[in-house]
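S.K.: Here it is, the structure, as structure tokens.
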């Protein structure tokens, strides 16, 4: 065992351990397999080079086909090599939160500021956001140490009023959670769960209160009605009316909507629940935006919260949380403290990342929503190096890490924003509120280091990935905390379009990092070392998967239709090299997923989605980024909808793919499905007709494998009549494109 935390090899008088770590047992196998597999890759590349340059063909078409396969295999080789960073030194950690209070008293627990961001009440229903906030407020942690900051970029009256009601309900909900020691502290999840609930008037009362709150929130539409019902103080009513008239304007002034203790805000200095215990702070923020100043999407919202919280509470630890990802374990902050209480780790530790896990995933996870590789397997690999990347939610930051490198902190513009600043004024004081308004204004960051050297970093749509990358380059480290019980659970897209559209946005953001002056291949290798730079490069260049996926989805199939061999014959030794490379890659991926609790069907769906993403989000992200780089087009940030349609939800639960949307994203996928099917049928016809198919064996195997993966696409094209079938426009367009490709290939071949 390695790294057992606070005096892990402790004596009788020494304190008990708070954490431990150990290398994964398959590490030695991974390293040995990497050597063997790398040798096979070199042999394959040698074959391509020999065919291209040592034994060149006279045909330009043959040269083009060989060159295309060479490029595809080079990309596959790069992606495989970069993925080895995750397999060289993986470790598993374990915490012992039950030992924490034997070492640290409650009053000595460090403060915790929680950041939540929402932007659109129609795509992110306020009741979902409220449930997440309530689950975080109910942590098994001193409530007077917790402050919840909610950033609402949508400036929604509905969201604002939802939190007004949540503040009232929280006075009853928090004592109820403590009294019954419940684990599901999101009210919605708790009341909908199948666990045995206590049969008592107290339970019935709290459930009725929750349903009451839900009804009020979902029926709040008219602003005048909201004002009369929720705002009782005359001055507050005037402020509220002024705000609601301006929230729809792009240049509306910054508003930090802070109501008294009976309304939206909870002030931990004197607000108490029904049991007499202090409540956490609850602060709603709607930042200002201007058409003349960039607002930097989520990164900008987080930096506003970083500054506002510095003025009001300035807790040393910050938890960033997606608004739809509720707390599933009330002891999560204690697990975080198990690491931050270790002096050996604290000096260079920037953040502790918990894995993103999800509820509502169907039995076989048809869309690979769990993302086992980037959210669970790969972070264990990076944890053995400098630590995992930040994934946007479920991450505890040290505030200090967002202000420069470990040895030379960057001083903020005013001392009140410094991580070392001690807040000694009430959050309701006029001085505190005025300063909070100032640091949240839309032009505050002009000519400052915010977004470049301090705070969450600007320059990419994936601000989480980019921020952690820059922190690692600055010398900070991170940890991956993966307890058996999920710390957080979130929603998943239940349609294919939502899933690949979300992924496309990530891919564009990753390209922005890959081709910036801070590219992981160049800048990263100088400041993080080879393995960490390879790990970040694997993500940054992930859209390059579209190159081999596209070539291997069309080229072997079109040549098979024309009876042209492009791979070795079954009788040749090179045939077995291709088979080994295919089975080796898929086999190792299968082993990785099974060893973290996956199933065969979930692995199959994960590799199918890798293929689908290659022809959808990876391909279109590459095209969009290229066009934008040439100044031809731009793209806008678009939220993934968290609103659930009943019919779509039913089909998702049954494991049926949801297409439905006539999006161009589905055209390459449908074209590939059509061409592969007819190519495979053509090959089978030739085989049963007695034709010599030896030279086409690999093409037949590959095409048949792809056809097997595309069975849901064929069902959506021809066998379904529900709203989730493939749209007729997409089928017609794809059919014409398929015929055009076949005609062009027959002329060339």
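Every residue, even glycine, has its Cβ placed from backbone N, Cα and C.
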S.K.: Out of 536-555, 616-635, 636-655, which range is noted as transmembrane segment by TrEMBL?
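M.R.: Going through 536-555, 616-635, 636-655 one by one, TrEMBL flags 536-555 as transmembrane segment.
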S.K.: Checking feature assignment: transmembrane segment per TrEMBL, candidates 511-531, 700-720. Which range matches?
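M.R.: TrEMBL lists transmembrane segment for residues 700-720.
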S.K.: Suppose you had to name the range TrEMBL annotates as transmembrane segment; which of 479-497, 726-744 would you pick?
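M.R.: Checked against TrEMBL: transmembrane segment maps to 726-744.
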S.K.: Of the ranges 449-472, 665-688, which one does TrEMBL flag as transmembrane segment?
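M.R.: Transmembrane segment, as annotated by TrEMBL, spans 665-688.
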S.K.: Kindly point out the range from 7-27, 28-48 that TrEMBL annotates with transmembrane segment.
M.R.: 28-48
S.K.: Cβ under 8 Å to the transmembrane segment (28-48), counting only same-chain residues 6 or more beyond its ends: which ones?
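M.R.: Same-chain contacts beyond the ends: 66, 69-70, 73-74, 77, 80-81, 84, 87-88, 90, 574, 577-578, 580-581, 584-585, 588.
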S.K.: Restricting to the same chain and to sequence separations of six or more, state which residues have a Cβ under 8 Å from that of residue 298 (Mn(2+) binding site).
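M.R.: When sequence neighbours closer than 6 are ignored, residue 298 (Mn(2+) binding site) has 117, 392, 463 within Cβ distance under 8 Å.
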S.K.: Under 8 Å Cβ to Cβ from residue 322 (Mn(2+) binding site), same chain, six or more residues apart: give me those in sequence order, or none if nothing qualifies.
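M.R.: Counting only residues 6 or more apart in sequence, the Cβ neighbours of residue 322 (Mn(2+) binding site) under 8 Å are 116, 117, 132, 392, 393, 490.
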S.K.: Using C-alpha atoms only, work out the spacing between residue 464 (active site) and residue 153 (UDP-alpha-D-glucose binding site) and round it to an integer in Å.
M.R.: 18
S.K.: Relative to the transmembrane segment (536-555), which of 60-83, 665-688, 726-744 accounts for the most Cβ pairs at distances under 8 Å?
M.R.: 60-83
S.K.: Can you tell me how many other Cβ atoms are located within 10 Å of the Cβ belonging to residue 153 (UDP-alpha-D-glucose binding site)?
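M.R.: Result for residue 153 (UDP-alpha-D-glucose binding site): 20 neighbouring Cβ atoms inside 10 Å.
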